[in-house]
Amino acid sequence: MEWPTYLDEYEKLLVRMSTPRVMIDNAGCSNTTRLMIDSARKHGMLLEAVQVLTDLNLSIKKAYICSDGRWFMDVFHVTDVNGNKLTDESVLGYIEQSLETVHYGRSKSIEGLTALELTGTDRIGLLSEVFAVLSDLNCNIVDAKVWTHNGRIASLIYLKDDDSGSPIQDSQKLDVMDRMLRNVLKGDNDIRSAKTSVALGVTHTERRLHQMMFADRDYERKPIIKTCDDSPVVSVQNYLEKDYSVVNIQCKDRNKLLFDEFFIRHMDGTPISSEAEKQRVILCLKAAILRRASQGVRLELCASDRKGLLADVTRTFRENCLNITRAEISTTTGTARNVFYVTDAIGNPADPKIIESVRQTIGLTNLTVKELPLIYNQNIERDEPTTGSGGATLLSLGSMVRRNLYNLGLIKSYS
């Protein structure tokens, strides 16, 4: 082989090793779309692939992960959130492109925004106080996610200055914000220190929330309010002769479950060695699964964005003794689209009459009930249009995944 030709082949090999190869098969399976990813084995590669799929609200029905030396072969059987096979060519093309270019990096959503991280002891009205402080400081909340688990709260809030529309970089203003929020998070009797920080180089919001709650050691805490009965069952078995451990998980399936389970790892390649370490892995896996559990009534707010909107809405929740267990905040082209999961003060399903009273205060057309715990009867009249059985709103892939691509700025319209 001539020297220039050898260099060309070597360069092709380097590209091949650094670029995953993706194949999409829609013919081999009747009910799912099969995605095959062939890539060089490197730390975090599998998590990155799963992250791409979950960010598009795809449901992973089956997965086969094979590692041979320095190579991965991952096979995922996926559907949309309604269990339908993927057929839209533009969506399939975007999935293929995304999987071939997975990498660690800053989230697109935080460009031009200030990222604020908060952890502390959860209580009724805490979010209301946090949002009130930010509103008083003339901060516009563009995007946020809030998780609670075992009496702890973690939140990642993206904001900008309400007047200039620019990221908040004034050190004096940031110091005032830090001091005020830390006082709110501490409350009257927080025996564990509350934490606030301006995040730099944040990668993925949900990944960061897992890291924050893990660092807060939420897995060691006991629930302080009533939790769901569907607790995951986790066991760990060691196969020392093969130098690996097998983790078995049995729990109720939900969207993004596989992504959440990836946050336990053993870095040195050895199996789990001691009983204490095994129990810690079990606790951490259970916590990772339960952090995102949808507990309570799902309320969706869609309204024109304005200063103080979140502070006003969450204050109404607080005044009616509703506890927010999870929240997702987003703003698109002047419209606030927020999701809240709420329970009563001790974790039980909220009284339907209170929910309706809250809706009356905030606006029946602005705040809608989207999901109810099974304990509810079908007595509450729903305002949103429904199709299909059981009153469930059916969304096609063309609206669900295209909406995600639109929100990411990758297509011009999802209509």
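Glycine is no exception: its Cβ is also placed from the backbone N, Cα and C atoms.
Taken from TrEMBL, the feature domain 'ACT' applies to 34-109 (among others).
The feature domain 'ACT' is assigned by TrEMBL to 115-192 (among others).
The domain 'ACT' annotation in TrEMBL covers 298-377 (among others).
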Three-state composition of the domain 'ACT' (298-377), taking helix and strand from DSSP
22 helix, 31 strand, 27 coil
Residue counts in helix (H, G, I), strand (E, B) and coil for the domain 'ACT' (115-192), per DSSP?
27 helix, 28 strand, 23 coil
Report the mean pLDDT of the predicted model across the domain 'ACT' (115-192), rounded to a whole number.
90
